[in-house]
């Protein structure tokens, strides 16, 4: 249920009761030693499925996500080999930290870094050469992988069977025309602008209150089902419940009669609200899903400007129905810019607020430095257990706790911004999380940690020596980042495969929350892979690896181990655990590429600044060309590959249309697209609640839920759309 939920949900795996074994302690402890020797049997299974089979089984998004780990291995395996064989011997032979031991605080690991090379040394030309080699290799692998993923995306789109989103465009900011409804305005506009390919459209209704009532009815139905099952098991005793707060107080009544009556009252409210939405013109939002009779027609509409006024009739490809975030379709377009501005300010404030606790945590990374600033803490710090815990484990653990609640907060912020697809929301939340980790985890750790560790030196040396102290101290944060990689990366991957948290949550839900089979299915749902959290974490490890590849190469094996184990674990989880919420055909890859490029630029600028403090007058100027070359490479890749992720080639669209017409000349495309973008709540309740609600040219009626293709009337121009509250 927890370790293979994907197969349980698909019905291809069934739970089995444990065989009778040893008695007593054997009931609680597995005494079969063979299971402990074969606990890694999942590894061959994770590697057995090919990439094409993963695409078929879990979708292209999952396959492209795994390519990020493969890219990490391709980049860092050669870099680690060269760094360990060339850079570390060069750094060790420097010996400059031994001469500075009275001025700064350092560890044995720092002797393996560039800090150990004496200022003005000719050895810096070796670091310069490695910086060029690492940049060229990273760019080469990025180019090859971008090319590969772009080909995978185009091939996936070309080989796909007919999908509703291939024929559908979402249009926003429909202008109000006096005397015309939104439906009439949309129909007249597209019949005039796209007369040969326009098919129909579906308007969007803001029915937030209706959706709230429907969800409330669903919860009441769940309780009614629970008490009905309880009564069926024991017919001699009618179940009862208290009607006070949370069922803990108040009058005790018959539970079945109570919930039946509440549902009946709610049905009346739902009917009244439904009629209000039908008759209220303000309920219709200036948004519509417009369908075309060909992929070519939809591509032309989605990728061109529709009006002389660039702020009206804004079109884009409609997300697939699973990917639509229905709540945000009801947001007025005029408020989107204001929302984005407010969220930008909020994200900035959030980053700034988090700097305070993180600065304190990073100060614990070197307690000797803290002792010099605060001698009164020496008694506590000198306790061996406390010192080991604070210095070796607490900084990484505390930072992980700070970061644990952040993805949910950033996702809420992205929803407020008004994006209309889940994939867009996750990409925006991932971007915010990446910026946060860049400023707080990376830059904040270096700046705050360096300031505390070297505070004693700053107060007891001439001001002209401070830049030199900072330049030497920057690579000394490698010790903290090694700890962070072990706590966040290695331990996180182990936790991922053990699934301790989902296991505990599942059993807690099973004990206290599960009342019906519907509840059990919800408790079993493993969710998706969590791109808003996993993508920024991956990009942080790329950043750490690229920054410290030249500065402190000993960190690279830690990065390499993370990518290797994470690839195996997530391959297993994608095959056996996680469900796919939507399919964006790898639309997030340009963001991954851009942030790895940003990591390259940051690594080059930091190395440039560091060498500037090392009196490397001859080698430092040669580094100026690296950022320029990197930016040119990024610009080339952006123009070469990004269109494949933003636009759909008209040539490809026409070819698929021609092939489909030849294969299915009698296809009723209008019927196929009719109910494609009905709200999920409508689908869930249409049979028991009201059949199918249709609104055709301003007139509403209740239609039967199922119609035969031969005698079905023309599909509606638009349907009513239920919205949750944002």
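Quick reminder: no glycine exception, Cβ is built from N, Cα and C everywhere.
The domain 'CSC1/OSCA1-like N-terminal transmembrane' annotation in TrEMBL covers 2-145.
For 68-90 (among others), the entry in TrEMBL reads transmembrane segment. Same-chain residues lying 6+ beyond the ends of the transmembrane segment (68-90) with a Cβ under 8 Å from its Cβ atoms: 112, 117, 123, 126-127, 130, 133-134, 137-138, 141-142, 145, 535, 538, 541-542, 545, 549-550, 553-554, 556-557, 559-560, 563-564, 566-567, 570, 592.
Only residues 6 or more beyond the boundaries of the transmembrane segment (124-143), in the same chain, are considered here, and those with a CB under 8 A from a CB of the stretch are 71, 74-75, 78-79, 82-83, 86-87, 90, 114, 117, 546, 549-550, 593, 596-597, 600, 604, 607, 611, 614, 616, 618-620, 622-623, 626, 629-630, 633, 637. The feature transmembrane segment is assigned by TrEMBL to 124-143 (among others).
Here TrEMBL flags 166-328 as domain 'CSC1/OSCA1-like cytosolic'.
Per TrEMBL, domain 'CSC1/OSCA1-like 7TM region' is recorded for 339-611. Per-residue pLDDT, averaged across the domain 'CSC1/OSCA1-like 7TM region' (339-611), gives 78.
Per TrEMBL, the feature transmembrane segment maps to 341-360 (among others).
Residues or ranges marked as transmembrane segment by TrEMBL: 393-412 (among others).
The transmembrane segment annotation in TrEMBL covers 433-452 (among others).
TrEMBL lists 540-571 (among others) with the feature transmembrane segment.
Here the transmembrane segment (592-612) has long-range neighbours at 68, 114, 124, 127-128, 131, 135, 138-139, 142, 145-146, 434, 471, 474-475, 535, 538-539, 542-543, 546-547, 549-551, 619-620, 623-624, 626-627, 630-631, 633-634, 637, meaning same-chain residues at least 6 beyond its ends whose C-beta is under 8 angstroms from one of its own. Residues or ranges marked as transmembrane segment in TrEMBL: 592-612 (among others).
Distant neighbours of the transmembrane segment (618-637): 124-125, 127-128, 131-132, 135, 139, 142-143, 146, 593-594, 597, 600-601, 604-605, 607-608, 611-612; these residues of the same chain sit at least 6 beyond its ends, with a Cβ under 8 Å from one of its Cβ atoms. Under the heading transmembrane segment, TrEMBL lists 618-637 (among others).
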